[in-house]
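Feature list (source: TrEMBL):
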- 35-305: domain 'G-protein coupled receptors family 1 profile' (DOMAIN)
- 22-43: transmembrane segment (TRANSMEM)
- 55-76: transmembrane segment (TRANSMEM)
- 96-117: transmembrane segment (TRANSMEM)
- 138-159: transmembrane segment (TRANSMEM)
- 188-213: transmembrane segment (TRANSMEM)
- 251-270: transmembrane segment (TRANSMEM)
- 290-312: transmembrane segment (TRANSMEM)
Amino acid sequence: MSVSNDSEGSPNRTTIDENNSVVPSAVLFALGVIGNAIALCILYRHKHNSNRVSVFYVLVTGLVWTDLLGKLVVSPMVLACYSTRQRMAHGMQCNAFGALMVFFGLCSMFILLAMAVECWLSIGQPYFYQRHVNRRKALLMFPLIYLFSLLFCALPLILGDEFGKYKTYSPHTWCYIAMKRPHHLYSVLFGSLTGLLILLIVAFNLSVMISLLKMYKLSRKQKIRCASFKGAENQRARALHNGHAEEIDHLVLLALITVIFVICSVPVTVRTYIGASQVSDNDEAKDLLALRFLSVNSIVDPWVFIIFRTSLFRMMAHKMYDKLCHTTARHSMQQGTPDKPAQQQDLAA
């Protein structure tokens, strides 16, 4: 047991500093559990009331369950450290905690990528989507994601400290990947994987937005073309417009979660590359801030979903989307109008 005048960073100290309170960790744990529980209730109520549950909602449900399990498995270990006022022990306990943090973090990232790919296929490749994508195949994605994430988080334990390791971070109630030399190889690999996932998710989302913009322009043309008709043609135009509503809902929700994901993940990616060139732990406070950003992601996600499911927010999102598409379409039409007088003069000549 350490004496009272040991410094906070002393390696021989085993107790948590009295200035560190359990309240922030307890509040974040409660927000994460309550938010994910409410999100699951909304999802299962949607499943009960809907005749057809989309693949996208299967993936969203998997993401919420993963975030909830992560909170229920990892956070109690932190709260236990506070209740006993003992630092997290090096070795097995620290390795288990760090591996679980990486595991659940990677699972959430890959599920988010699967959501982006599903949205891209449903809008950009509808024929392939109808033939090859279904709920059963979506459910099969989860064991593959969990298996890969499990193998990845076990790499430091398999390959040894020279490749990478998990270490405690202040206030020494939790562990994560060591980012400094000579244990930087694993952190660089993790940062590279995270950066690749960010780029892929953003790329797929941008592609979906471009496809939806094209579909919006097409639906407006058909609406104008069918404005003078009644009956089946007019109903078909309205059906085409209403058919895009679900895709827009998926895109808006995915875009919101992606923005949160990028904000929470980029700091860790940057810190892994900075840490690879450093030996000392002088910047551990910056590493800790980046890791806290990453841990907040699973807390914010369900609340974003809960807010999105409110009718007022969805109505505002649809209006903003329609206004954006209308502005873009009008701008493109204005760019094309100057050519018409010149063409008419050529014909007259």
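Backbone N, Cα and C define each Cβ position, glycine as well.
Just so it is clear, the model here is predicted, and its values are computed rather than measured.
Between the transmembrane segment (96-117) and the stretches 22-43, 188-213, 251-270, 290-312, the greatest number of Cβ pairs separated by less than 8 Å involves 188-213. Note: the stretches the transmembrane segment (22-43) and the transmembrane segment (251-270) are not in contact (fewer than 3 CB pairs below 8 A, sequence gap of 6 or more). If you average pLDDT over the domain 'G-protein coupled receptors family 1 profile' (35-305) in this model, you get 83.
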